[in-house]
């Protein structure tokens, strides 16, 4: 007894479910067959449409050639006949009418453009008017344009004659201002009267080659300020005297001979007097021979430094009113520099005035007087770190601190160009008598911080993670032409870009546009070779992706095909692996691998298998960038579902196990090649390379590979996981291109870059965009505020 009943010899009676499952599978198989047939019909329909488009293109080419021939024959007939027959002239009338209509249409278009331009000009005019009204209603604009200072009277428009008349009517002696440098100093009326009563001797000191006249020239004033600064440098650091009253005031009445000028004899004589006494006390330690004793100078300097400044300084105004409301006459002074030192200072009245090594008329160097009897203490030196130190901190306890902003000082860097630097709110000790002391006195903290920041910026490497640039031409459907390539292109036979089993690639140039292209010359021997080239052209006609090379034109001859393609000059990716001057990091490999996966993903979306992916078939866009393009679609095949495709070609070390075993190929076949390329980029080694091709294929069939301990030391586990999930013998277990792009290793590039002390270019562009957006936002806010300011404000 076998244990099986006679009624059911096969033992299948109680098993009803398997039979039902078989019926379901049969139904599913039928549906799959129907779906396969539909897909095949769609593919055939697509091929038919492509062939018809090619026929249409060829017909258009033939029609264009016929039109050219017809035009040539018509031109020959016109040249042969001496005069145009009436019928030809009548036939040309409609063309003339069409040209006239076209001219009228263009005229109407130009009129519309002119009208739009006129509207734009009107809008700009309104905007300018709005800006002008806003600027006029602004107090800052009044301060800049008219020279008015809050709490003062007068402006730049006031003339010297009017101010002098106002001063005479008021009957009060005004405080005078040296207008050459915009410097103002307040002095008490007691000092002014004492100086008027005294008989000031005339002194002469050699060393200041200046002649002061009473004509107004702005350029000469700046030269005078620079020359007087040279006189200050002779005294040495820390020994510049304080400005006394005589330095900051001018004679009251104008000269009778020239009604618009004032003598400077008293002020310059006081300068020469003070500095001569200082020089004599330094040279021989003798007693100074000034018209007033040291105690008077100390008292006078103390009054000047501690006297209250009733009004803040305004811009460089040649005439400003005193606090009592009286007008101050403008003093036009012309300073002319002489080449020979030792000349005398002369006024227009002809009396020689002793020159002195003093601060320039356009510059007043200040200092504080501590308690004690020394009239001229040295200038305290400070660095830029204590730029906020006020004058009250440096003045002695016995003296009253100076109130109001300090006087304007002239920066030594601007003396050569004659500009004036207003340094309001800076203590007088900040003025360095020697020009070279400014930068030398800066604190080391800022310098060290600048060095550290510059070193940190230099250490950060910027990686360009942007997408590959598109082809310099629009995507086109190319039809193979049977004309000569030399008619439209110039092929450089001596400049070979690459080569392989198919032939060679030369650089070429389009004659009409000068566009640089690449010419791939493929040798054909039989009908099968021609079909393969046509298949390559058909596949490239369907590809339009930045990581895939683009086809531009195609030509056919008796023994070869020439494909005109996009040109890139970065070289093969294989060179990046083998060349010692290129040091690939893991982040570089991430950028390369991601673009390879994007190109393969596009191919697989269009049911195309590349089947020959390797570093030699991947070109870099530039010598140092990270943008790539996949080339060589000669072995590419269209993948058709339910159609068992087998291939027996390819480079041995990049072949998938199913290709070596001559099994069916599909999308995972390309992903195996992607895994091999990634392994090579990470380590520089080939995972399956043997001494012979047979040994290499044996390693591939057995999937015999591992991570080299030395080369993969220090690489992330994510990179190893990425390679391990691609180099799998079973096709269904490999990652697809979509899964590769979603893998952790190819994601989160900014975080990986920050961990590697690398900055991505996309991050820089984003930061720049955010900064520009923020700037625009602030600009709009300021614009809105300025528009609101056009409304009248309360007085």
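Cβ coordinates come from backbone N, Cα and C, glycine included.
Record check of 432, 686 in Swiss-Prot: the feature phosphoserine is attached to 432.
Feature annotation (Swiss-Prot): of 281-304, 305-328, 329-352, 473-496, the stretch labelled region 'Disordered' is 305-328. For the binding-site residues 497, 505, the greatest number of Cβ atoms within 10 Å around a candidate Cβ is found at 505. The Cβ of residue 503 (ATP binding site) lies under 8 Å from the Cβ of 520, 521, 522, 523, 560, each of these being in the same chain and 6 or more residues away along the sequence. You'll find the Cα of residue 497 (ATP binding site) roughly 19 Å from the Cα of residue 612 (active site, proton acceptor). All chains included, 10 other C-beta atoms sit within 10 angstroms of the C-beta of residue 501 (ATP binding site). A distance of 18 Å separates the Cα atom of residue 505 (ATP binding site) from that of residue 612 (active site, proton acceptor). In this structure, residue 501 (ATP binding site) belongs to neither helix nor strand by DSSP; it is coil.
Across all of the domain 'Protein kinase' (491-746), the predicted model scores a mean pLDDT of 92. In this structure the alpha carbons, written CA, of residue 499 (ATP binding site) and residue 612 (active site, proton acceptor) are 15 Å apart.
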